[in-house]
Amino acid sequence: MFGRPPTAAAATTTRLVYCWGVKLIKNSHAHPIGRTQFVRLKSAVSAVASELRRPPPYYLPGLVASNEDEDIICAHKNNSNGVGNALGQLDTCKVVEILNSLREEPCHALSFFDQLKEQGFVHNVSTYMAIIRILCYWGMDMRLDSILLGVIKSNDKHLGFKVSDLFEALIEWIEAKGPKSLIRAFDALVKAYVSIGNFDEAIDTLFQTKRRGLIPNIMTCNFLLNRLIESRKNDTAVAVFRQFKRLGLSPNDYSYCIVIKALCRKGSLEEAADIFQEMEEAGLTPNAFTYTTYIEGLCSQARSDLGYEVLKAWREQNIPIDVFTYLVVIRGFVNESKLKEAECVLIDMDEHGVVPDAYCYGSLIRGYCKIGHILKALALHNEMAAKCIKTNCVIVGVILQCLFQIGMADEAVDQFNNFKELGIFLDEVTYNIVVNALCKLGKLEAAVGLLDEMKGKKMSLDVVHYTTLIGGYCLQGKLVDALKLFEEMKEKGLKPDIVTYNVLARGLSRNGLAQEALNLLDYMEGQGLKASVVTHKMIIEGLCTGGKVKEAEMFFNGLEEKCLGHCDAMVNGYCEAGNTREAHELFVKLPKQGFSLSRSSCLKLLSNLCIEGENDKALALFEAVLASDDAPCKIMYSKLIAAFCSSGDMRKAQWVFDTMVRTGITPDVINYTMMINGYCRVNCLQEACEVLKDMKARGIEPDVITYTVLIDGHSEEKMKKDRCLPNAEGNKGEQNEVATLWSEMKEIEQKPDVILYTVLIDCHCKSDNLEDAAVLFDEMIDRGLEPDNVTYTALLRGYCRRGYTDRAVTLLNDMISRGIQPDSHTMSALHHGILQAKKAKKVQLWHEGPVEDEDGGHY
């Protein structure tokens with residue numbers, strides 16, 4: 001090429017090379033290069049200069065290029081399109097020669113390589129090999145990864161060669177020069193395949209490398225195994241690991257750790273345990289991360305109890321166990337809802353000198369908040385503060401969200417202010433929780449003020465914050481303000497999402513603006529958002545809640561394609577509006593239309609039917625759900641049992657109870673107590689006692705309410721027998737049963753409450769055992785329990801029945817002094833007692849004969 005006159009295209013590309021060389025020499029003062037490299041670069045540019053018939057630019061480092069050279073560079077910049085068209089004819093050999101001359105200047109070589117590619121030059125295997133050799137030589141791994149990732153992402157048509165050709169070229173070079181020269185390139189090739197999820201090609205490349213006698217880097221193999229696990233290809237990861245070992249590759253401790261993770265995730269816990277034996281045979285010592293990985297695997301398979309036992313066993317062997325290992329076990333127990341066990345781990349950490357961090361406490365706090373046990377969560381948070389463990393906005397957010405969800409919005413706001421005063425960083429999520437709480441409380445001005453405070457702190461308000469406040473305005477019926485905020489949101493460049501439209505549609509519907517809600521749907525679709533089933537549900541339920549049932553029916557009937565969600569919404573809407581009959585009629589019609597209500601809607605309808613005393617319809621609905629694929633939930637059983645027990649139909653209540661047990665749902669103490677109370681109400685004490693026995697047999701401990709129901713039942717039974725057989729001796733059985741139940745409570749340390757004491761006092765009073773009744777009354781006060789109006793009335797009635805009116809009056813005065821006002825029952829009992837006492841006195845005097853009074857009369 002140097003001996004022939006250049007074509008126009010070749011001349012243009014040659015000028016590009018010349019300009020690039022001139023620029024590089026000119027800038028050598030900023031990026032110094034060695035003397036040898038400088039000479040090579042000048043030689044290369046001189047060759048190009050001769051072809052251009054221009055004088056070679058022999059600039060020494062630190063000198064400035066001539067104006068003519070600057071003009072050439074500027075001309076290249078201004079004529080980039082023309083240059084790009086000519087690059088296709090650039091001689092590959094010349095590019096490779098220049099790259100080789102820049103071996104000692106990898107950054108300049110890479111810059112030259114990239115500039116050619118940007119201008120449209122198509123690199124081939126030779127030019128890629130040249131730049132790969134330079135990058136491997138200088139250990140520029142990240143740039144090498146980037147180069148080969150670009151090769152893998154391009155298909156063969158764009159490359160002009162096959163990736164397999166590059167692979168073969170690398171093999172040939174290594175066979176000629178030795179494995180240390182380009183082995184890193186194979187690692188980069190594998191990583192590139194893995195990065196785009198092409199695992200088959202990555203595995204094949206690794207195995208080909210090994211078959212060619214080259215040993216791949218173990219870190220590359222680990223990278224592959226880890227990505228396989230992240231992609232949930234656990235079986236493949238284990239198989240590849242086994243194949244690596246068969247091919248003679250020596251895994252390191254991290255390799256074994258990765259395989260333990262894969263085996264645990266696929267549930268092969270015994271195989272995972274065997275890996276430790278393999279590590280020992282390989283002469284490797286597991287590190288703390290490996291041990292933690294195995295324990296984490298056990299916990300992920302709901303075997304946190306076993307994971308904790310393993311932790312303690314390893315701890316006894318002086319194996320390093322750090323705070324993260326304990327955290328893994330705590331999280332496992334929390335995920336399994338075993339919060340007491342998780343708390344024991346926290347205590348165990350303290351005892352063994354391991355200081356729990358915010359993540360340990362945060363996980364346990366999250367668990368208690370999940371079940372609504374906010375007092376325990378707050379106690380743990382206070383414990384954190386006492387140990388000087390800094391809290392964070394995530395933990396604070398969990399606590400505030402729990403307070404809000406259990407209906408303590410006021411407390412959520414107060415706690416937020418307390419946290420803020422303590423200087424705890426609170427993020428946008430935390431603020432949104434409190435904004436939501438303020439909206440729920442109707443304190444919209446305070447909510448707006450909080451958003452203004454966020455703006456003042458340069459916190460970014462997003463769609464969620466605006467949507468929350470829009471929902472608050474809608475809840476208060478302030479639709480004008482809601483729509484203004486909606487417009488402000490759009491003006492600030494925030495695009496409303498489907499949730500925003502749903503909230504606004506529900507607000508319009510709840511306030512009876514059916515047409516405006518429909519107009520909103522049209523506007524939403526004009527913005528490219530399609531109304532979802534949730535949108536339709538909110539409109540239907542909103543209209544019903546707002547008293548527009550007819551409009552809701554019209555909207556429902558006007559839907560072109562109905563689905564289960566629409567039917568659920570209509571039934572829920574009927575129930576909210578108190579139209580239970582219409583809801584039930586729709587429920588009956590749905591199977592004929594190919595629909596069946598969701599379990600949540602069935603529960604809502606069943607609850608309404610039970611409240612309205614339609615127990616037979618509720619039972620029919622229950623049986624329909626029972627026959628479907630979606631089995632009844634525990635709440636459904638409980639509501640039906642309560643309804644039948646309340647109506648005294650214990651046969652049906654028992655059938656529902658037995659069905660619950662038969663379907664595998666274990667009744668809780670509430671279910672058992674309802675059954676016991678139902679049997680006591682229909683005077684079936686024997687059956688109630690049988691239920692109690694069954695309860696204890698299942699390991700469910702009766703609570704104070706259970707004992708109260710039973711004691712009251714036996715008390716009532718005794719009173720009935722006393723009225724029928726006042727002189728019989730057989731009534732001591734019930735009295736003994738009451739004493740037995742009372743003793744049993746004390747044995748299991750069940751603390752009686754005010755209601756139970758009241759029942760016992762009333763029982764003793766009705767048995768004319770006033771001394772024991774008075775003792776119980778004093779005992780109750782000594783325990784710190786405050787007697788209520790019913791308690792005082794029970795004891796007062798007992799005194800009056802025996803004619804102890806003085807004691808009754810004293811008791812009444814004590815009652816008033818404690819701030820408890822007597823009601824009509826209390827005063828009626830006292831009045832009746834006084835009249836009975838006067839009557840008894842007159843009878844006594846009549847028997848004793850007439851007595852002369854002060855005026856000489858007789859009485």
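Along the chain as shown, the residues are counted starting at 1.
Positions of Cβ are set from backbone N, Cα and C atoms, glycine also.
All TrEMBL annotations are machine predictions without curation.
Per-residue confidence over the repeat 'PPR' (182-216) averages 87 (mean pLDDT, predicted model). Among the features that TrEMBL reports, repeat 'PPR' is placed at 182-216 (among others).
Counted with DSSP, the repeat 'PPR' (217-251) comes out as 26 helix, 0 strand, 9 coil. Residues or ranges marked as repeat 'PPR' by TrEMBL: 217-251 (among others).
Away from its own ends, the repeat 'PPR' (252-286) comes close to residues 218, 221-222, 225-226, 228-229, 232, 234-235, 237-238, 241, 244, 293-294, 296-298, 300-301, 303 of its chain (Cβ-Cβ under 8 Å, at least six residues beyond either end). The repeat 'PPR' feature in TrEMBL is assigned to 252-286 (among others).
Residues or ranges marked as repeat 'PPR' by TrEMBL: 322-356 (among others). Here the repeat 'PPR' (322-356) has long-range neighbours at 288, 291-292, 295-296, 298-300, 302, 304-305, 307-308, 311, 315, 363-364, 366-368, 371, 373, 387, 389, meaning same-chain residues at least 6 beyond its ends whose C-beta is under 8 angstroms from one of its own.
Only residues 6 or more beyond the boundaries of the repeat 'PPR' (357-391), in the same chain, are considered here, and those with a CB under 8 A from a CB of the stretch are 323, 326-327, 330-331, 333-334, 337, 339, 342-343, 346, 349, 398-399, 401-403, 405-406, 408, 419, 424. Annotation comment: TrEMBL describes 357-391 (among others) as repeat 'PPR'.
When DSSP labels each residue, the repeat 'PPR' (427-461) comes out as 26 helix, 0 strand, 9 coil, counted as helix, strand and coil in that order. Taken from TrEMBL, the feature repeat 'PPR' covers 427-461 (among others).
Among the features that TrEMBL reports, repeat 'PPR' is placed at 462-496 (among others).
Look at TrEMBL and you will find 497-531 (among others) tagged as repeat 'PPR'. Across the repeat 'PPR' (497-531), DSSP helix (H, G, I), strand (E, B) and coil residues number 26 helix, 0 strand, 9 coil.
Tertiary proximity for the repeat 'PPR' (633-667) is limited to same-chain residues at least six positions away from its ends with a CB under 8 Å from its CB atoms, namely 599, 602-603, 606-607, 610, 613, 615, 618-619, 622, 625-626, 674-675, 677-679, 681-682, 684, 687, 695, 698, 700. Sequence annotations record features per position, and here TrEMBL assigns repeat 'PPR' to 633-667 (among others).
Non-local neighbours of the repeat 'PPR' (668-702) in the same chain are 637-638, 641-642, 644-646, 648, 650, 653-654, 657, 660, 709-710, 712-714, 716-717, 720, 748, 750; each lies 6+ residues outside the stretch with a CB under 8 Å from one of its CB atoms. As annotated by TrEMBL, repeat 'PPR' applies to 668-702 (among others).
Within the chain, the repeat 'PPR' (753-787) has long-range Cβ neighbours (under 8 A, six or more residues past its boundaries) at 704, 707-708, 711-712, 714-715, 718-719, 722, 735, 738, 742, 794-795, 797-799, 801-802, 804, 815, 818, 820. Here TrEMBL flags 753-787 (among others) as repeat 'PPR'.
According to TrEMBL, the feature repeat 'PPR' maps to 788-822 (among others). Counting only same-chain residues 6+ beyond the ends of the repeat 'PPR' (788-822), those with a CB under 8 A from a CB of the stretch are 754, 757-758, 761-762, 764-766, 768, 770, 773-774, 777, 780, 829-830, 832-834, 836-837, 840.
Within its own chain, the repeat 'PPR' (497-531) has Cβ neighbours under 8 Å at 463, 466-467, 470-471, 473-475, 477, 479, 482-483, 486, 489, 538-543, 545-548, 551-552, 555, counting only residues six or more beyond its boundaries. Residues in the repeat 'PPR' (252-286) partition by DSSP class (helix H, G, I; strand E, B; coil) as 26 helix, 0 strand, 9 coil. Secondary structure of the repeat 'PPR' (182-216) per DSSP, as helix, strand and coil residue counts: 27 helix, 0 strand, 8 coil.
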